[in-house]
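Over in Swiss-Prot, the protein carries these features:
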DISULFID  65-93  disulfide bond
DISULFID  67-82  disulfide bond
DISULFID  72-92  disulfide bond
SIGNAL    1-19  signal peptide
């Protein structure tokens, strides 16, 4: 009887720990999916040769990339990773 109580306590503790980690993951995913204050719109423009540009708009075709937490938006494609304030983020380009 004592063994069953100990096993039940261990099982309950394991389930509680797993539920806690699932809740943290869900909270983290919810904050990543919401565009807004975490969205640090770090824009970088690229010409077709891949070099960063500072020219006036309309000079050549450009790619605009932003460093985002979470996933890229619909029209953007994942182009690597970037770092904002020590957090690894997605580099999303159009």
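Using N, Cα and C of the backbone, Cβ positions are placed for all residues, glycine too.
Each residue contributes its Cα atom, and for residue 65 (disulfide bond) and residue 92 (disulfide bond) those atoms are 5 Å apart. The distance from the Cα of residue 82 (disulfide bond) to the Cα of residue 72 (disulfide bond) comes to 13 Å.
In this structure the alpha carbons, written CA, of residue 93 (disulfide bond) and residue 72 (disulfide bond) are 8 Å apart. Residue 82 (disulfide bond) carries a strand DSSP state (E or B). Within its own chain, residue 92 (disulfide bond) has 65, 66, 67, 68, 72, 73, 76, 77, 78, 79 as residues 6 or more apart in sequence whose C-beta sits under 8 angstroms from its own.
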